[in-house]
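Features as listed in Swiss-Prot:
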- 1-21: signal peptide (SIGNAL)
- 120: N-linked glycosylation site (CARBOHYD)
- 161: active site, charge relay system (ACT_SITE)
- 217: N-linked glycosylation site (CARBOHYD)
- 242: active site, charge relay system (ACT_SITE)
- 242, 263, 264, 265, 266: substrate binding site (BINDING)
- 266: active site, acyl-ester intermediate (ACT_SITE)
- 326: N-linked glycosylation site (CARBOHYD)
- 430: N-linked glycosylation site (CARBOHYD)
- 528: N-linked glycosylation site (CARBOHYD)
């Protein structure tokens, strides 16, 4: 076969975007830096680890990984029930040279990697695993043995969205072959913070290509590089996006937790559809250095986890100022709040919670969602919250008809993407701006153009307004009004609210405009009899699909929102009640 064929070791599920057209013997093995040589053992842990156990693992109360929390995993690690190596060990050996045309891959997978291998050919949540994961896990185990713990997440495996660059053997592609093989001079700041806290970056998650900012006729969770991500509650379920794989991986217990990114809904919406907690931080609370951008005004990096407390643990790690991202200089506190301590079951008591009903009325929401939302309000009221009705976003009707929010993203992308491409120390296809990116995409067959168009880029280039253009500032001021006085901030001030709530699928739009935070928590499920709708092959609505509730707050109010979300979560325990059509069966006990 002519041309480079990228063969990804997708966690036991061996496939690429073109794998269906190729036999296994046709495919060379490539890393981000080139092909592996003959008879080479890929360093996922070829040697046997020597593990010192403090107690008999069979005597341990080891949690099921689909619901395991950071505290439970850390307790097992501390007691010696299992090690970080146990959580990530995998060996992949290339036995016969490719040039002889007979490649045999033997995969020995354990625990999280085994879980990924069980389901990834169906859900495609993870694009690759870190060849150095075992080495890092061993290091964390050795530090633990010597009495050194870097923090409460020491030794826990995490998967991060593939638009977050890492300076290691993994690829960072934003789902596109245009920057496959591109390198930055260092890890993204959030990745550095994860490593410093002792987390094992085990792999990268699939996502909507270019964070859903390429096409108007593509599907959520699709990318040329990773294929089509699907969620786990109904076959071919739309995972939403753009942090699609991060949502699915967290839900299925394919890692302790995941990182996603959001411009408008890209954390909370896939979290909603995968029945997990998603926390979109205030823009500037977490660094975006070496994260593929859309908009400097709206992009943010945040945690996606199975519980509010685990999301709080992860936010604690990644939050903070970074001289390489000037938006973080706006952080108003010298010390990052204790987000984990904010997890208080009584946090709803006495809090004023607003309900902007006009958003539901204007955008519309299925009656079953409204009914379950009203039941959630009743739970909060019973927990001591003061529910304040009709705290409307006064400019929402105008916002819903305005092209300005999209125009801001078009202008930012025309400026921010070239600035990012300029930072690449390796840029294999010489992608320098949106025009060259579009040209590559339209001429590379793996990018599936024109069946998946480039309409968003076409519009941005046609408009030609960058965020440095004099025309930009008046547009931006109007946009800010939609989110500020006419949106969430105005509602909070007028009604003296601690937070506002909406069904999650209605919550992202206004906070996106001003960079304010949201946290989504599982709330319920679409019942039997729900009409099944499709977008191409994906099921966008139907029985069994999760429903979440979004808590929206003031800038820098994550501490308060986490408390409210935690109290609601503990009063409802909605997540464990839902059934999936697919989930992995491998557990820690099975490999000890």
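Note that Cβ sites are derived from N, Cα and C of the backbone, with glycine treated the same way.
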* Pick from 263, 430: which of these recorded positions has the biggest number of other Cβ atoms within 10 Å of its Cβ? -> 263
* Among 120, 263, 264, 265, 266, which are recorded as recorded positions, the nearest neighbour of residue 161 (active site, charge relay system) by Cα -> 266
* How many whole Å apart are the CA atoms of residue 263 (substrate binding site) and residue 242 (active site, charge relay system)? -> 9
* Asked: Using Cα coordinates, what distance in whole Å links residue 430 (N-linked glycosylation site) and residue 242 (active site, charge relay system)?
  -> 25
* Structure fact -> Rounded Cα distance, in Å, between residue 266 (substrate binding site) and residue 326 (N-linked glycosylation site) is 22
* Asked: Quick one: Cα separation, residue 242 (active site, charge relay system) versus residue 264 (substrate binding site), in Å?
  -> 9
* Could you tell me the maximum Cα-Cα distance in Å between the residues recorded as binding substrate, namely 242, 263, 264, 265, 266, rounded to a whole number? => 9
* Which three-state DSSP class does residue 326 (N-linked glycosylation site) fall into? -> helix
